[in-house]
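J.: Encoded as structure tokens, here's the structure I'll be asking about.
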Amino acid sequence: MANSFAKQTKVTSSHWGAFEVDVEGDRIVATRPFQSDPNPPHIPDILPAAVHHRTRVSRPSIRRGWLAKRERDGRGHEDFIELPWDEALDIAAEEIGRVRRTYGNEAIFGGSYGWGSAGRFHHAQSQVHRFLNCIGGYVASFGSYSTGCAQSIMPHVFGVDFLKLLYEHQDGWQTIHDHTETLVMFGGINPKNSQVSMGGITEHETAGWFDRFAAKGIRCTNIGPQRTDAPEGCDWLPSRPASDTAIMLALAYVLESEGLTNHDFLARYTVGFERFRPYLMGETDGQPKTPEWAASLCGVDPGAIDELARRMATTRTFITVAWSLQRGEHGEQPYWMSAVLAAMLGQIGLPGGGVGYGYGAIGGVGKSLIGLRGMTFSQLENPIKKVIPVARIGDMLRNPGQPYDFNGRREPYPDIRLIYWAGGNPYHHHQDLNALHEAWKGPETIIVNEPWWTATAKRADIVFPATTPYEREDIGRSNLDDYLFYMPQLIPPVGEARDDYAIFSGLAERLGSGDTFTEDRTAADWISLLYEEYRNLAAKGQIEVPDLETLKARNWVRLPIRAEGPNRTFFAPFREDPEATPLGTPSGRIEIFSETIESFGYDDCPGHPIWLPPSEWLGTATVAAPLHLVSPQPGDKLHSQLESALADKEGERPEKLVIHPEDAITRGIHTGDLVRVFNSRGACRARAMVSENIRPGVVALPTGAWYGDPGGNIDLHGNPNVLTRDVGTSRLGQGCSAHTALVEVVTIET
Ligand SMILES: Nc1nc2c(c(=O)[nH]1)N[C@H]1C(S)=C(S)[C@@H](COP(=O)(O)OP(=O)(O)OC[C@H]3O[C@@H](n4cnc5c(=O)[nH]c(N)nc54)[C@H](O)[C@@H]3O)O[C@H]1N2
Ligand SMILES: Nc1nc2c(c(=O)[nH]1)N[C@H]1C(S)=C(S)[C@@H](COP(=O)(O)OP(=O)(O)OC[C@H]3O[C@@H](n4cnc5c(=O)[nH]c(N)nc54)[C@H](O)[C@@H]3O)O[C@H]1N2
Ligand SMILES: [Mo]
């Protein structure tokens, strides 16, 4: 074995891009940037240490109390007993069978949210879903933590699936460069987040485009709590988190009161402005939505709002909205209001004008490609039709059988007895982790496939060690990228790790569904099959893709799928002829007022966008919790992945908390100090970083540190989710509202 893995350098792909890997014997020893990446990330630097880290799960492991007497309370602090694969698979299969027989498949939660790793076949979620479908199905989840709320609200407004709009139909960077004069970025466009794109991103180009925008004199304005959310050189209007709807309303008010609204556009392409206008002008609630009104909420100078509104009305303006804005309570409102504001400007459907979502959130948004999709491992059909909004898992576990509202429907939460998770880390990603820790005691059994002993693995009953992508072969490809990779197996599996496919094959076989799951194919057979299907699809579009053997030899190829010049967006044909190409809304137009939403009768998301203050923000700050906490994505890695190796590095843990000098001085905090960040839900440690790049009153603590404290007083690593709220954005979207939280910060005496 060792010989076939003797010294070699190969390229592989990941969610944060392609990189070269040096292998010696059975170890990854170094990584280097991919040759044609203009701006490679540093994330792979920590990969060699992480892959061989002592926190790898080496053997199948079953928690002692669960094995002895199916006890649940020990999750998170009890030790595990290692077992041989066959024995552990027997026990797991028997338990899955028992739960199915006793409670039915509706008692199995297999939503299994998470990014797992790139690679088309060994895609953990596809694997676990297919397995569960083969044995009768599972309760699934809808949407993502990234965009769940937008996925619910935006189809009502634009009549199109939000992800389709996002990934197939927005202006490309070239179009923005060529046509846009004013770029208004709510929540910024962050090169730090652009490092990542699901499925892979080879050429990191966001920062390069901003250099070109600057050279061309495009005015770029970042509206939000952190200057660093946009590249250097952009204007910054420091605003309070959660106040964006008020700012957008004030911009709309200026347009309407100064005769700058494009009423021809509203008449031809939208419905419901007449029902929204009285609210905007204050006729319904006595409060005109003036810049002065907005200033009291958002903290931005009214003069700056006035000036911006006029500039937006008189230049080609593109509004972008970060995903973070809908990851907060009432996150539906800024999304809907951004569409209304863009409609009032009347530039939707013109190149470089209108509104777009998620630029910078992931690096793939803005790349202009001609669609060549495909290469997915079929999950088969789920016979169980129960689906919860993804971020409502804590609620579901706390309230079995209780009704909840979601986008016009009301139904009871299922009663979950078994959870299967592969490729995600809910103890990193979910809100209010101390509350989740309690809710997690509900199910009888929790099974996790994981390469590392994450906080989630530690809270499982049965843990199967999974390989990382470097320990198996796969194909790397993303709908938002123009490269194709053969991802070779670089090293043998670490410890006794197996691929998710092998784990699920073993379980399916024991449960009598082996043939349905595998169709009698090995992993290599599946990779060949999926690849051939993809090649055929490409050939139909006149795109030449090498055969698999050639790709294996070359390691990677660049696909000729870049769209040349400005691209044509979703709204262009609609603008040209709204009768012939209506939108998919009930009216066929952009819905400023939605009869459908109005009919739901939700006071937390009525028939047109309105300003709704969240329950925690600077407007409700208290002495006990005076600071607004935003918890953005980490710049140095992907979520909680590779965490154990990063945490070993001097000075990296606890995670850094950005705080404004004014807030730091009054608390006697200096850069480098250890601080305690806390509120009524929990507490964590962090390392202070005093900076003027954040608005006073706001602190930022990135996600990604492993949740380190089992039910005690303080999370030692700095996971912001001990502080965040586990409430839905509204009854309509029920998305994650992580960015809505108030905290206090004090120094820790050392
Ligand atoms: N406070 C706060 N919380 C947030 C957010 C926020 O903005 N603020 N953002 C949210 C968002 S948008 C997201 S997307 C989530 C991200 O949350 P997650 O996607 O859950 O985070 P990851 O750390 O990427 O988790 C992936 C897990 O899969 C494991 N894994 C990798 N490869 C494989 C494999 O091949 N097989 C198996 N079985 N496992 C594998 C990794 O080791 C890791 O533990 O966090 C959310 N949480
Ligand atoms: N390096 C790296 N990149 C990533 C990821 C990663 O883990 N690491 N994760 C990827 C994933 S899964 C996702 S979903 C995307 C997320 O992409 P986004 O949702 O855009 O990113 P966030 O980091 O949550 O937030 C971006 C900024 O929004 C600001 N913000 C917070 N609340 C508000 C508000 O109410 N109003 C305004 N105006 N601004 C606000 C904060 O200052 C924050 O820094 O990032 C992706 N990119
Ligand atoms: Mo995300």
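In case you wondered, yes, glycine gets a Cβ from its N, Cα and C as well.
Below are the features I grabbed from TrEMBL:
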type   : residues : note
DOMAIN : 12-52    : domain 'Molybdopterin oxidoreductase N-terminal'
DOMAIN : 56-510   : domain 'Molybdopterin oxidoreductase'
DOMAIN : 627-740  : domain 'Molybdopterin dinucleotide-binding'
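Burial and contacts for the listed features, if you can.
T.: Residues 1-2, 5-6, 115, 117-119, 191, 195-208, 452, 468-470, 476, 483, 485, 487-488, 490-492, 494, 556, 558, 636-638, 641-646, 648-649 of the same chain, all 6+ positions outside the domain 'Molybdopterin oxidoreductase N-terminal' (12-52), place their C-beta atoms under 8 angstroms from a C-beta of that stretch.
Helix first, then strand, then coil: DSSP counts for the domain 'Molybdopterin dinucleotide-binding' (627-740) stand at 14 helix, 28 strand, 72 coil.
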J.: Please work out the helix, strand and coil residue numbers for the domain 'Molybdopterin oxidoreductase N-terminal' (12-52) from the DSSP assignment.
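T.: With helix first, then strand, then coil, the domain 'Molybdopterin oxidoreductase N-terminal' (12-52) has 9 helix, 18 strand, 14 coil.
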